[in-house]
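Engineer: So Swiss-Prot lists these for the protein:
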{"type": "REGION", "residues": "13-97", "note": "region 'Ubiquitin-like (UBL) domain'"}
{"type": "REPEAT", "residues": "260-298", "note": "repeat 'WD 4'"}
{"type": "REPEAT", "residues": "345-385", "note": "repeat 'WD 6'"}
{"type": "REPEAT", "residues": "389-427", "note": "repeat 'WD 7'"}
Amino acid sequence: MALKITGKSEGQLQLHLYTKQKQFAVPDVPYSIRANVSNKELNVLINTLLKDSGNSEAGKVEFDFLLNGEFVKIPLGQHLKEREISFEDTVELEYVERYPAPEPQDCLLHDDWVSAVEAKDNWILTGCYDNTLNIWTTKGKHKLTIPGHIAPVKGVTWISLDEEKGVFASASQDQTVMLWEWNVKANSVECVQVCKGHERGVDCIAANRSKTRMATGSWDTMLKIWSTDVRNDGDSQPSTSKRQKLDTEKARTPVLTLAGHRECISGVQWIDDNTLVTSSWDHTIKIWDLALSGIKSEICGHKSFFDLSYSHLNGLIIAASPDKNLRLYDPKSNQGTIVKNTYLGHTQWVQSVRWSTTNEYLFVSGAYDNHVKLWDYRSPKAPIFELIGHEDKVLACDWSNPKFILSGGSDNSVRVFKSKIAIGEQK
């Protein structure tokens, strides 16, 4: 039995439709369609089949289509011709729920450029070129401005957060990393440790998943590992004299220093508690093994890398470069230096990139062209959405909280976009 979508004198295709999202499955039969069928018509077909089978989601969902792992953006027959795929064989076409468009929610105005941003739960932490940190609610209320650094803040990361207390860290061009303790109810903050050891500005920071260590990369080309313990050198109950010393010095040295890059380390991420990955202006991405205190492997590019993001969902690395492009790498591959995909869409330097923490296919990027773009890594030729709002360069982006896509820029603002949950991801 075959269902037909046909027209006069048009080429025909035999189509097998399938999906990995079982709640949207249609009858497993061949479909005879005309070659120039559009995505809109395929959507009508699938929703009609869902309705006929009594599926309650029929008509509520739009779908995208993949052939051999690549999105089909043009009429199907044209897609086949461009890729020299035979019309004689049955076409195996996968369909997936189209991701809902993020909605602009808020604009958080600061006094200077916003160069770092990270969300956790209902709170947003930002770092600025006026040397301050700021804490906001995800509803747009400003809670606290935090002075302390004496040069622009280039990176921030949450260590822990509950209803009573938050701990976070900041990295600055003043060559220091500061560890902060925030009393949530009193809305007061204290710098509990100043991490010293870098000899030039610190450009990036990240905490491991167990939140026991943090890593920093600097213009001094060094990667340093630090304890995130708010207590002095792990003392559980310091004596009065030790407390006085802590109050006056609050200085911490690195647990480990790793050399290997030749230029600025622009991005750092933890793969696991013993493995890190860094990007650098020296055209390399390096994977580090802390047990060996050295480099495990490296990826060599042809341009500087300005940032990178590692996905714990798919094990892939996405990297940003000054040539306007983003590149996808598989660090597990024996051909790790070969680019799996190049993503075209930005018109100026790409400064920041972050994977979704809940969807293995999606990531966001921010660039000097004032744009934030949302990508599906299966669609390299164009982003699936452009998040409009910034009036100047985008310096940082974040998707730590799955509900919000955040971006900071040289227009002194953080843009907050509400990230909708696809029907297929809802519990």
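Glycine is treated like the rest: Cβ placed from N, Cα and C.
Keep in mind that what you see is a predicted model, and the values were worked out from it rather than measured.
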Engineer: Averaged over the whole of the repeat 'WD 7' (389-427), what is the pLDDT?
Structural biologist: 90
Engineer: Should anything in the same chain at least six residues away from the repeat 'WD 7' (389-427) have a Cβ under 8 Å from its Cβ atoms, list it; otherwise answer none.
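Structural biologist: For the repeat 'WD 7' (389-427), the list is 21, 23-24, 57, 60-61, 97-121, 124, 126, 136, 138, 140, 158, 348, 351-359, 363-372, 374.
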Engineer: Write out how many residues of the region 'Ubiquitin-like (UBL) domain' (13-97) are helix, how many strand and how many coil, based on DSSP.
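Structural biologist: Its residues divide into 24 helix, 24 strand, 37 coil.
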Engineer: DSSP on the repeat 'WD 6' (345-385): how many residues come out helix, how many strand, how many coil?
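Structural biologist: Residue counts in helix, strand and coil order: 0 helix, 18 strand, 23 coil.
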